[in-house]
Amino acid sequence: MPCSSIVTTDNTCADVGGGGEENGRFRKFKLNHSTFLASLMPKKEIGADRFIEAHPFYDGRCALIAIFDSGVDPAAAGLQLTSDGKPKILDIIDCTGSGDVDTSKVVKADGDGRICGASGASLVVSSSWKNPSGEWHVGYKLVYELFTNSLTSRLKKERKKKWDEKNQEEIAKAVMHLDKFKQKHTKVEDPKLKRVRGDLQNRIDILRNQADTYDDKGPIIDAVVWHDGEVWRVALDTQSLEDDTKSGKLADFVPLTNYRIERKYGVFSKLDACTFVVNVYDEGNILSIVTDSSPHGTHVAGIAAAFHPQEPLLNGVAPGAQLISCKIGDSRLGSMETGTGLTRALIAAVEHKCDLINMSYGEPTLLPDYGRFVDLVNEVVNEHCLIFVSSAGNSGPALSTVGAPGGTSSSIIGVGAYVSPAMAAGAHSVVEPPAEGLEYTWSSRGPTADGDLGVCISAPGGAVAPVPTWTLQGRMLMNGTSMASPSACGGIALLISAMKAEGITVSPYSVRKALENTSIPVGVLPEDKLTTGQGLMQVDKAYEYIQKSQDFPCVWYQIKINQSGKSTPTSRGIYLRESTACQHSTEWAVQIEPKFHEGASKLDELVPFEECIELHSSDNAVLRVPEYLLLTHNGRTFNIIVDPMNLRDGLHYYEVYGIDCKAPWRGPLFRIPITITKPKAVMNRPPLVSFSRMSFLPGHIERRYIEVPLGASWVEATIQTSGFDTTRRFFIDTIQICPLRRPIKLERVITFSSPTAKSFAFPVVGGQTMELAIAQFWSSGMGSHETTIVDFEIVFHGIGVSRTEVVLDGSEAPIRIEAEALLASEKLAPTAVLNKIRVPYRPIEAKLCTLPSNRDKLPSGNKY
C-alpha cells in the first residue's frame with residue numbers, strides 16, 4: 001500500500017531553522033515568503049538547491065523516471081513541461097487492468113452513422129472520423145469503477161442532491177394532483193374513483209419512500225474503438241454524466257489514441273473534473289481507460305519532478321526530468337498493488353529505457369529479499385542498470401519494521417523520512433520547530449529479519465505538492481516515506497543528468513555508493529543508523545564523489561553470512577535478538593563477492609579486478625575481524641567473531657566495513673551490519689516488569705527489550721504520564737520476531753490531555769524477545785519546554801488451553817477443553833462465540849494460459 005498520509009494544515013509563519021548542513025543544526029530565523037515557499041517543497045536539506053545553482057543545466061534533463069504508484073494526473077499543476085520545454089510525462093499506463101474495457105465486440109454503422117453500443121444505447125459516430133475498415137469495437141464501463149472512493153462519494157452526494165430536488169418536485173406535483181382530486185371529489189363512492197385516489201396516494205408514498213432506498217450505481221459510459229488507418233482511436237459517450245442532455249455525446253468527443261503517441265487526455269465531465277487517458281491493446285479488443293486510484297501518485301511525481309516556471313521555489317527536486325506513470329494501485333482493491341501490476345510496470349520501465357524507478361508502496365513481508373518480483377527487480381537493476389528507489393515504510397518507531405520491497409531488498413535504495421526545522425515551521429506549521437532535524441516518529445526502522453540495515457539513506461518525508469484535478473485543489477500536504485522516496489529519486493535524477501552530460505557511466509552500484517558515503521549522519525549514536533540509514537543524502541557531495549571515482553570499476557559487493565558450521569540460514573547481516581544468542585561468543589563466515597553488471601567484459605573488467613581491502617570493526621571489544629583481505633572477482637570468505645556476553649541489556653549496533661587500501665578516501669566499499677538486542681529476563685513471580693521515570697521530549701524514543709516468559713500468552717500494560725502541561729501524543733509499539741512468521745506487532749497511539757494512566761492488553765509469544773518502543777511524537781509538545789515523565793508497567797499472563805479453536809462438525813459428542821494457568825493464578829471467565837462457518841469447495845476445472853498483450857512480455861521475451 002502507499003506509504004504516506006494526507007495532512008491538512010494552515011500554513012503560517014514561525015521562527016525556524018532551515019537547510020541541510022550539519023544535520024539541520026541552524027540558527028533560528030524568521031520565515032519570509034520565499035523561505036516559507038521553499039519549506040513546502042524541501043530541496044535545501046539534500047543539497048539539491050546548491051547543486052542546481054552550481055549546475056543549472058543539470059536539473060534532471062535527460063533523466064527519465066518511472067513512477068510506480070497510483071497513477072499520475074497529466075493535468076495537475078507543474079506536470080506538463082520540463083524546464084527545457086519538453087513534455088513532462090511521456091507515457092501513462094494502467095498496469096493493473098482495473099480500467100480495462102472488453103471491446104472485442106465489433107459492429108457496423110448503418111446509413112445514418114448509427115451503431116448499437118455495448119450498453120444497448122444507440123450511438124451516432126461522427127462523419128469526420130476516418131475508419132477505412134468500417135468496423136467499430138464497442139464496450140462499456142461503469143464509471144464509478146474508474147473513480148476513487150472519495151471522488152465517487154463526492155459525485156454520489158452531488159447527484160443525490162440533484163435527484164432529491166427532482167424527487168421533491170415530483171412529490172409536490174403528486175400532492176397537488178391529489179389535492180385537486182379531493183377538491184373535485186369530496187365524497188368518493190365510485191370504485192373507479194377510489195382506485196384513482198389510491199393510485200394518487202400510492203404515487204406520493206412511493207416517491208417519498210424511494211429516497212430511503214436510493215442507491216446510485218453510477219452512470220454507464222459507452223466506449224468505441226476503431227483504427228483510422230494509422231493508429232487506434234477511442235471515443236467515449238458520457239451523456240449519462242452530464243446535466244445537459246446535449247453534452248457528452250459520442251459524436252462530439254475529440255478522439256484520443258494511446259497516450260504515448262499524442263500525449264493528449266480527456267475529462268469525463270465538469271462535475272467530476274477527473275482526467276483520463278486511453279491505451280488500446282490486442283488489436284482493438286482491449287481498451288484501457290487510465291485514471292488514478294488516489295492522489296498519492298501525482299503528489300509523488302510532483303515531488304520528484306514538477307516544474308513551475310512562475311514559482312520556481314515550488315519546483316520538484318528535478319524539474320528537468322521526464323516521467324512515465326505506471327499505475328500499480330488497483331482501483332478495484334482500494335489502490336492495493338498486485339503481482340501482475342508490478343511486473344507490467346517493470347516491463348514498461350525497461351521498454352521506455354528509464355533511468356530511475358520510484359516506488360512509494362510497500363508492506364510487511366515474511367521473507368526479506370525474496371520472491372518473484374524481487375528476482376525481476378534484480379534483473380532490471382543488474383542487467384538494464386536502472387536505479388530503483390523505494391520507501392522504507394511508515395511502521396516505526398519499533399525496529400525491524402521496514403517494509404517490502406523498499407527496506408528489505410538489496411537491489412533497491414530504501415529511503416527513510418526526515419523532517420527539518422524549516423519543514424516543521426513551514427509545511428507543518430508547528431508553533432516552535434525543533435532545534436535539529438530528525439527522523440519522523442513513524443518512519444520504519446531496520447534491521448531486516450536477516451540482519452540487513454534496511455534503510456539505505458534518508459530524505460525529506462513531507463511536501464506540499466500537486467494533486468489531481470478531481471480533488472478540486474492544486475496541491476496538498478502529505479507526509480510519509482512515500483514523500484521521502486521521490487525526494488531522493490529526484491536528487492538521483494540530478495546526478496544522472498550531470499553524469500550523462502559529462503559522459504560518466506551511469507551505474508546503480510556507483511550511484512548508491514556515492515550516496516551512502518557522502519550522506520550526513522542524523523543522530524550521534526551508532527544505532528541511529530537503523531533509523532536513518534547512512535544519513536541525510538547530499539546531492540552536491542555525492543556528485544563530487546562520483547566525479548572523483550569515475551575510473552573505478554562499477555561493482556556491487558554481495559554479502560552472504562552463515563554461522564560457522566551451519567549452511568543455513570544465509571543472511572545479509574548479523575542479528576542477535578534472542579537471549580540464547582547473547583550468552584556466548586559466535587563465529588560467522590562472511591562471503592564477499594563482487595558483482596558486475598550483466599555484459600561486463602571478462603577480459604577487460606573481471607580478470608583485472610583486484611582490491612586490497614583493510615577490514616575495520618566499529619568496536620574491537622565485541623567484534624574481531626582479520627586486518628586485510630585481497631579481493632578478486634571470484635570473491636573471498638573471512639570470519640567474524642562476535643562476543644556479546646559483557647554487553648548491558650538493550651540495543652547495540654556495530655559495523656564491519658572494508659576500506660580500499662590504495663584509495664581510503666572512497667570510504668567503506670561494503671558494510672556488514674551487526675545488531676544485538678540483549679533482553680531483560682523476567683525472574684519475579686508474578687511476572688512483572690516496570691520502567692520508571694523515563695523522560696521524554698518531542699521525538700525522543702525509549703527502547704526496552706524483554707525476554708517474554710515461557711507460557712505467557714498476553715500482556716496487561718499500563719502507562720502513567722506526569723510532569724507536563726499541553727497535550728502529549730505517544731506512539732507505543734511492541735514487536736516480536738518468530739521464525740517463519742511475519743513480525744508480531746502491536747501499535748498504539750495514545751494522546752494524553754493531562755497527566756493520567758491508561759491501560760491496554762495485547763497478545764505475546766512466550767520464549768521470544770519483545771521490543772517495547774515508546775516515543776513522544778516528533779511534533780507533540782513543541783512550544784512547551786516541560787519534560788514528560790513516563791512510568792510503564794507490564795504484567796505477563798498465560799493460560800494454556802488444549803484447544804484454541806473449536807470446530808462443530810454436526811455430531812452431538814461433547815468437546816473437552818482443558819485450561820491451565822502457566823505463570824500465576826488467573827481468573828478464568830470462558831465465553832464461546834460462533835463467528836465463522838466453513839463450507840469446503842473443490843475446483844472442478846483449472847486452466848493456465850499466457851496473457852495475450854505485449855504489456856505482459858518480459859524484457860527477456862518470455863511471458864510471465
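In case you wondered, yes, glycine gets a Cβ from its N, Cα and C as well.
Unlike curated records, TrEMBL annotations are generated automatically.
Straight from TrEMBL, the features:
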type     : residues : note
DOMAIN   : 63-527   : domain 'Peptidase S8/S53'
ACT_SITE : D228     : active site, charge relay system
ACT_SITE : H296     : active site, charge relay system
ACT_SITE : S482     : active site, charge relay system
DOMAIN   : 570-676  : domain 'Tripeptidyl-peptidase II first Ig-like'
DOMAIN   : 696-780  : domain 'Tripeptidyl-peptidase II galactose-binding'
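For the pair formed by D228 (active site, charge relay system) and H296 (active site, charge relay system), distance between Cα atoms is given as 36 Å, rounded to the nearest Å.
The local packing around H296 (active site, charge relay system), expressed as other Cβ atoms within 10 Å of its Cβ over all shown chains, amounts to 29. For the domain 'Tripeptidyl-peptidase II galactose-binding' (696-780), the DSSP-based tally of helix, strand and coil residues reads 0 helix, 50 strand, 35 coil. As a summary of secondary structure, the domain 'Tripeptidyl-peptidase II first Ig-like' (570-676) carries 12 helix, 56 strand, 39 coil according to DSSP. H296 (active site, charge relay system) sits 8 Å from S482 (active site, charge relay system), counting Cα to Cα. In this view, D228 (active site, charge relay system) is surrounded by 14 other Cβ atoms within 10 Å of its Cβ, with every protein chain counted. Within 10 Å of the Cβ of S482 (active site, charge relay system) there are 33 other Cβ atoms, across all protein chains. Per-residue pLDDT, averaged across the domain 'Tripeptidyl-peptidase II first Ig-like' (570-676), gives 95.
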